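Everything on this sheet refers to the single structure shown next.
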Amino acid sequence: MTDTPAAARPRPATGLLDRARRSPVLWAVAALGVLLLFNAVANPGFFSLRIQDGHLFGNLVNVVKNVAPVLLIAVGMTLVIATRGIDLSVGAVLAISGSVAFTIVEGAADPSSGATAALAIGVAVAAGLVLGAWNGFLVSVVGIQPIIATLVLMTAGRGIAMLVTDGNIVTAENPVFDWLGGGFLLGLPVQVVITALVLLAVGVFTRRTALGVLIEAVGVNPAAARLAGVRARSITFTVYVFVALVAAVAGLMVTANVSAADANRAGLFIELDAILAVVIGGTSLAGGRYSLTGTVVGALILQTLTTTVLTMGLPDEYIRLFKAVVIIMVFLLQAPRVRAALRRRRRPGAAAPAGTAGSPATPGPVPPEPVRPPVPVPGTVPGRSAEQGVLR
Amino acid sequence: MTVSDTRPPEAPDRPATPAAASRPGWQGAVRRWLRSTSTGSSTVSVLMTGVLLVVLFGAGSVRYENFGYPQVALNLLVDNAYLIVLAVGMTFVILTGGIDLSSGAVVALGTVMAASLLQAGWPAPLVIAAVLATGSLLGWLMGLAIHGLQLQPFIVTLAGMFLARGICFAISGPSIPIQDDLFTAVAINVVELPGGTFLSYGAVLALVVVALAAYVLHRTRFGRTVYAIGGSESSAALMGLAVGRTKVGVYVISGFCSALGGLLFSVYILSGWSLHGIGLELDAIAAVVIGGTLLVGGRGLVVGSLLGVLVLGTIKALIDFDGGLNSWWTKITIGVLLLVFVVLQRLTSRRAGTAS
């Protein structure tokens, strides 16, 4: 045990490398890199940015702007998935939020006033909170499986949205919504700024406080988390409220983009895109571990794919096929068994230098495995694999 | 057979049984009868769905004067034949604790393939075989990914859904009409039944599929393994059951049923379009849940799924008959119904969990 501090020092470097290689985020980043490289070769104008009237324009800006609603929802979805849940109703919540907002604006005495917009946004967001609370209640209090609990609202939600709009596509003009749809803040599209702020806030709240760990604890084992003193029920409830809230905000964005609320088609399949973004980013649907960075990369991959297909002049119809193929490839690369097989093939080369670097002083039959930070644990390290399993 | 045979023959000191069975009157008799059936508590759920169906249909007959005819009831089968077939496939998957989100997209793929191949001059039987083979192949691939790579069914079938829709769009964006003789003949001709009523060939086929599925689930080794996997996959594997083969097989069945549903849909609607059947997988899941199958797997009957589809069909028919209600009430009603059944499932399974 005396030589462990010395031996532990080179360990973090290999551990980090090992972790990076094993990290699913890396694959996602690599995929995004390949995509961007492909674009750089196939379409040299892809990366050009220009500043006009103090606003940034270019393909990349378009990608980032178009990804905003999906990414916003995906951030909320990441937290839900981290608790081993899923929310299928975000598309419906998005449609309801947009429908509510535009119905209010259209029916107001003064449709173009700021007060009307404030009221519309307030009511739409409140509607999102109520719907989220409903989902959260079903999942955390009643104890229904998340897929099914949210399936209820997914099925009924579009009906509710059509009830709100009376089956029509509601169009309205309001300067606040115009600004939300096409305005700029600090030279960037408003939607991008909003999304970035939400992302930042979530990142700070979950990674700089214990909240993130608590969420992961709930995802690993809700019962154990509860016994350890984590308020699993309130955390689960809160993440569903949060994802509905961001879905409502995304609904305002999507509706403002086209200045029309379409109860039937607004946000159709956006729940799938959001889930895909989360999964491509390396967050496991089994819960317990999440990566916000991965989610951002995943959402960017999806949107870059669409933009790539469009800028290459391929017909619109091929986007889905193209997307499907890329997504399947990413899934396959992330599959534990495939990754294990890839690692095994690489292991003979990688393991040898790590072994020699890790224990130069002990050439005996001691394996390089039991090297760990000096924790005051009596005896040897019998619980290593179990501990790893929990931390993982 | 492996599941029930390994169990000791009715231990006499089980605490719950005597109390429940010794209850006086008809309740005790019903309980005894339910226990004596091989399907046990699943039968209760299915009976509940059946009662709901009768109540809904009865309410319609009282409220609307033309509702209470036998042909209206048979039309439920005729109009929902494809959904019945889809729900049967979904039942297999859900019984193992999985889910298949690709079925709606495979239906669309079936219609598009059928329409475009017929347009290209292929003979109808060959087209049918090709569509069924494609659906099964897709299901097989998804099953391999789920079992072999240990990916989640949800995500694999989601990718399958994208793939199927993508292939649809690549084959043809716009809708293609079907003018083939065999398809139109099947669409137009009906099976005459006594009393001046009729069923379409599609509906008859759907009923045959239900009967076959019930046979497979309850009378074959494969069916028993399906239930065993749904109960506990690791236990099933430890018992030496063919878990892998069965899991893959379940997705093949679902893919096949989806393709068959696609063929029935293309006969019903006589066109192939890549946007057919959006959200159909959700209808199928809803029907299976309303039919009393547990979403965690292991418990449920295929007859329940049939009744579930009929309940959905009755709601649609009621809203059609009313005329004053808008179509979006269909969605809201189905959502509410789904909620009621899911909460009921949850309550009953919680009670069963605390009792044991």
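Numbers here mean position along the shown chain, with the first residue as 1.
Glycine is no exception: its Cβ is also placed from the backbone N, Cα and C atoms.
Pulled from TrEMBL:
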TRANSMEM  A:25-47  transmembrane segment
TRANSMEM  A:67-83  transmembrane segment
TRANSMEM  A:90-109  transmembrane segment
TRANSMEM  A:115-134  transmembrane segment
TRANSMEM  A:146-164  transmembrane segment
TRANSMEM  A:184-205  transmembrane segment
TRANSMEM  A:235-254  transmembrane segment
TRANSMEM  A:266-285  transmembrane segment
TRANSMEM  A:292-312  transmembrane segment
TRANSMEM  A:318-336  transmembrane segment
REGION    A:346-392  region 'Disordered'
COMPBIAS  A:349-361  compositional bias 'Low complexity'
COMPBIAS  A:362-379  compositional bias 'Pro residues'
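Counting Cβ pairs closer than 8 Å to the transmembrane segment (A:90-109), the top stretch among A:67-83, A:146-164, A:184-205, A:266-285 is A:146-164. For the transmembrane segment (A:146-164), the list of distant contacts is 80, 84-89, 91-93, 95-96, 98-100, 103, 131, 134-135, 138-139, 263-264, 266, 271: same-chain residues at least six beyond its ends, Cβ to Cβ under 8 Å.
Most Cβ pairs under 8 A with the transmembrane segment (A:115-134) among the ranges A:25-47, A:235-254, A:266-285, A:292-312, A:318-336 are made by A:235-254.
With a threshold of 8 Å between CB atoms, the same-chain residues lying at least 6 positions outside the transmembrane segment (A:184-205) that come near it are 51, 54-56, 61, 64-65, 68-69, 71-72, 75, 79, 211, 246, 249, 253, 292, 296. If you look at the transmembrane segment (A:292-312) against the transmembrane segment (A:25-47), you find at least three C-beta pairs under 8 angstroms, all six or more positions apart, and that counts as contact. Beyond its flanks by at least six residues, the transmembrane segment (A:67-83) meets 90, 94, 146, 189, 191-192, 194-195, 198-199, 202, 206, 215-216, 218-219, 222, 235-236, 239-240, 242-247, 249-250, 253-254, 267, 270-271, 273-275, 277-279, 281, 283-285, 287-292, 295-296, 298-300, 302-303 of its own chain at Cβ-Cβ distances under 8 Å. With a threshold of 8 Å between CB atoms, the same-chain residues lying at least 6 positions outside the transmembrane segment (A:318-336) that come near it are 24, 27-28, 31, 276, 279-280, 282, 301-302, 305-306, 309-310.
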